[in-house]
Amino acid sequence: VDCGQVNSSLASCIPFLTGGVASPSASCCAGVQNLKTLAPTSADRRAACECIKAAAARFPTIKQDAASSLPKKCGVDINIPISKTTNCQAIN
C-alpha cells in the first residue's frame, strides 16, 4: 500500500474530518471505498493504517468523532480505524 494512494483517496474527506461540513461528500465516500479496495490483506490494512495515522498527525484540527464515524457515514464496511491513536499492528 502506497501512502500517496491512501492520502489521495481520503483528501476529499478533509472538510468533513475537520468539522467544516456535516456529512462526507460523494467523492470522499468513493475514496473510502477505494481505500477498502487498496487494502485487501491484513498487512495492507496495517500499512494503510500507518499512512492514515501519519496524515492525521499533519491535520491537528481533525475531529476524532468525525474520523471514527466516516466509514459508517459512507456505508463502507472497512476494517481500518481512522484515528490518530490506533495501534495499527493490532489490525487483522
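Each Cβ is built from the backbone N, Cα and C atoms, and glycine gets one as well.
For C29, the disulfide partner named by Swiss-Prot from the candidate list C3, C74 is C74. The disulfide bond recorded by Swiss-Prot for C28 reaches one of C13, C49; that cysteine is C13. A 10 Å radius around the C-alpha of C28 (disulfide bond) takes in these disulfide-bonded residues out of C3, C49, C51, C74, C88, in sequence order: C74. For C13 (disulfide bond), the spatially nearest entry among the disulfide-bonded residues C3, C49, C74 is C74, judged by CA separation. For C74 (disulfide bond), the Cβ neighbour count at a 10 Å cut-off comes to 22, with all displayed protein chains included.
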